[in-house]
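Data block below; observations after.
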């Protein structure tokens, strides 16, 4: 079969019409899903795009402003698909596919396609007709709403699972356009029933539900009281527990209890499962509750009136009190009358009387109304008592039939009758008893009811202050303890026995007592006693049995008296009298004369004394102090040891024949003991004091010497003391002191700096101390202190100036012999001449041998004196090389001589080398070096230390800091290693040669294992480096270079203080690590070290410039004393160094060798 191929020309293609091969269709989708509208165009030539609700979406695949919209398909095949992801309500709209007009075709538009987006409703909810609780018997409307659905939701209502009919349903507008709310209403009034609302629309996979449990209020049932028997009987003291139950009701009932109309409980609990309310009442039953009405009431919100139930209770209670009134005692044969009474009880009690085990019926009973609805009962008893009933219990018994209560009140019956017998146990009659002894009389009584009460009498006087009587089985006893006295002689003691029977029985006994004199009395015949009189005394003794003997004594001395005839007296005893005569002296005053009456039969006596009051004039004691020593400024007490009678003594003190009074000096004080006190006593109070004492009888006097001791005061005989060098100086120190100590009273002390080895010879002559210094030197000049000490504080000191006169001595040396300054006529130079001498120095100047006329304006001279130091400064203004570069001669004179110094003024230049380079000290890891600076060339100079050791490949250089220091510690050295050290000076114009004509200081450090503090061998070699030694060192350097690759040196510096530069250099703060490369450079150069500009440098503050206004500097700058500076690094064992005291601390690097 033949085949044909048709080929259309381009012009024919342009004329073909456009049309849609596939047009979009209506779509229904659930919200959140993806939907695609299809549009296929045959031969599209224009722009194809979608239109949403009249809005052009654009031809791009990703549509601007619509991130969920995209164009899919192959445009070459005419496929234009609109895809919408996660559809929303806003996508619910009409859509069209449009093809734009082109040159070959007109525009075409597809059919309108609707996208219907279905929205599920939100969770349904109920709306109630009212917010008030529902009440049974009324109807209420319930509305279920399913909001915001598209299309509208279908609502179905269920009650307890059964679908309800007659439900009204209608739609309303939702929260947004195109959404609808569905409302469904239904009347309901069932309490506790569940009402379910179910909503469904096509967008829901399953229906949504919400539920409501209907709550309808209705009243409860009447309450019921449980826990009480039919009669309502309860006993007092029991705990009554009642329950009130109210069934049903919504809400459940609230319960409360009342008693006699008063609320007593408002607590209750509910049981929702059994639908009841319960209230518990716990009542502690009291007699007051008898016939009380208990009521339980229930009520809820819909109860029109409270519902109640009540019960009345009857309380059975016994009497609270059972009392027996009346006396349970009577005399034998008499009646007792008693009454037994009970308080209110329910029911009333029955009363019975018992005597022992026998019931008594002679009673009368009376019952009356009592408290709380009870009854009171009273029973009266009358009974005649007998001796046999004594002690039997008499009982009132009560019994309550209702409570089965029994209570009795009992007391013993007491019948009174008299005792049977009374007697006394005592010493036999007629037996002599001694006074002071204790005898015991015991009275006994038996029988009687009650037992007898015993009482003691002495000669018909009752004795009350004695112990109580002691009972026994058959009676009682009472003991009387008597300490016999003279009054007991022939006295009668009686014991009476009585009781309530009112009969008295008694017994008695008579005593015979021996006793000493009851008293002794001394009678004086004179009223006033004086020294030299005779004393006459009588001594009378009181009654004694048997008779006493009288004796006299004065202290321990027995005296002889005269006895008179005895006499009878009281207590059946005898009295005796004796007389005494005694001559009196002042020593008798205050003494006692004793009279004693003594009985030899009893070996006992009684005495009394008579105190002598002898009148006599003042008398000083034999050992009265004659001398009083006191320290100045203390209180001097001059004692007054005087006796007199009468002691009203008037004393007066005399000093230098003048009577002393308090008004004369406020330091004078006269004490009550008439002693004389001088406060703040002074040396002027020394002397003899006389005291006169007088009383009304006479007078007497004595003397006392007052010695006032005082601390020394000193003064120098001459100050200052002048002496020429080599002469003998005598220093005299004069003291005023009391006492003067002949040896070691004076001491001398040097007050200058340091210690004086030989201060001189010390001596003393009485109150003068002397210090003799032979061959006085300038070192002896200064202040000396003389101290005097006589062991009375404080010691006294005085100082004296010793001036040693010597001829002028000018400062000389490299730093004093030259002065440098530029000679261009713009600078100022200061030529300084400094020296010491005493007396005062006078300076004169010459230039090139010609005296200088200081009237010239370019030359000015100024002299400054500080003690023995004199400084003369010549200021040269506008220095000229032609006129002023010369030799200036300074001459200093005083009375002892003169001294001259030539000072050359020249141009500024590089510094001179240091001199006298030496070792101060060294350890195993450090070396302390010192040198004398040379002339600085007129500029500020600094110093650099160079050193090396056998294994080093080159020299190591260390800049000294501070720059002007002339003593330096090199640390970080290795133990037991030999080092070679040199030092030179540098300024801005160059550097000097090395010290001491390029000498080398060779040092070998200590071994580290050696103990610190021991005396170690040290080797110090000074050698002048010449041609042959230098060649040897160069050869050694070449040999060590071969080992350099195997060794390296780690150099570290740790700052321990703040270091700054004078002009903008790096500042290193405390504890910062300093870059070792910035602090030290190891030079690998065999011959150009001095000329090399690469070396270790330490930043520091420039020292103070010397010189004058032009800034030029003379050699050495200002005089810095003997001190220097120390550079120290703690990590390099700086703590092991012992630098001189005048070295301050700065930086010092250290190095360490490693293989």
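Keep in mind that glycine also has a Cβ here, set from the backbone N, Cα and C atoms.
Counting residue by residue with DSSP, the domain 'Ig-like' (17-110) contains 6 helix, 40 strand, 48 coil. Here TrEMBL flags 17-110 (among others) as domain 'Ig-like'.
Under the heading region 'Disordered', TrEMBL lists 172-191 (among others).
If you look up TrEMBL, you'll see 175-191 marked as compositional bias 'Basic and acidic residues'.
Shown for the domain 'Ig-like' (223-314): DSSP residue counts in helix, strand and coil, namely 3 helix, 52 strand, 37 coil. Look at TrEMBL and you will find 223-314 (among others) tagged as domain 'Ig-like'.
Taken from TrEMBL, the feature domain 'Ig-like' applies to 319-414 (among others). Per-residue pLDDT, averaged along the domain 'Ig-like' (319-414), amounts to 88 for this model.
According to TrEMBL, the domain 'Ig-like' annotation covers 419-506 (among others). Residue counts of the domain 'Ig-like' (419-506) by helix, strand and coil are 3 helix, 47 strand, 38 coil (DSSP-based).
For 516-613 (among others), the entry in TrEMBL reads domain 'Ig-like'.
The domain 'Ig-like' feature in TrEMBL is assigned to 712-799 (among others). Taking DSSP states H, G and I as helix and E and B as strand, the domain 'Ig-like' (712-799) has 3 helix, 46 strand, 39 coil.
What TrEMBL records for 808-902 (among others) is domain 'Ig-like'.
Annotation comment: TrEMBL describes 913-1007 as domain 'Fibronectin type-III'. Counting residue by residue with DSSP, the domain 'Fibronectin type-III' (913-1007) contains 4 helix, 53 strand, 38 coil.
The transmembrane segment annotation in TrEMBL covers 1020-1042.
Residues or ranges marked as region 'Disordered' in TrEMBL: 1099-1121 (among others).
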For the domain 'Ig-like' (808-902), residues assigned helix / strand / coil by DSSP: 8 helix, 56 strand, 31 coil
The domain 'Ig-like' (516-613) - residue tally per DSSP class, helix then strand then coil: 6 helix, 55 strand, 37 coil
Contact ranking winner - 319-414, 419-506, 808-902, 913-1007 against the domain 'Ig-like' (516-613), Cβ under 8 Å: 419-506
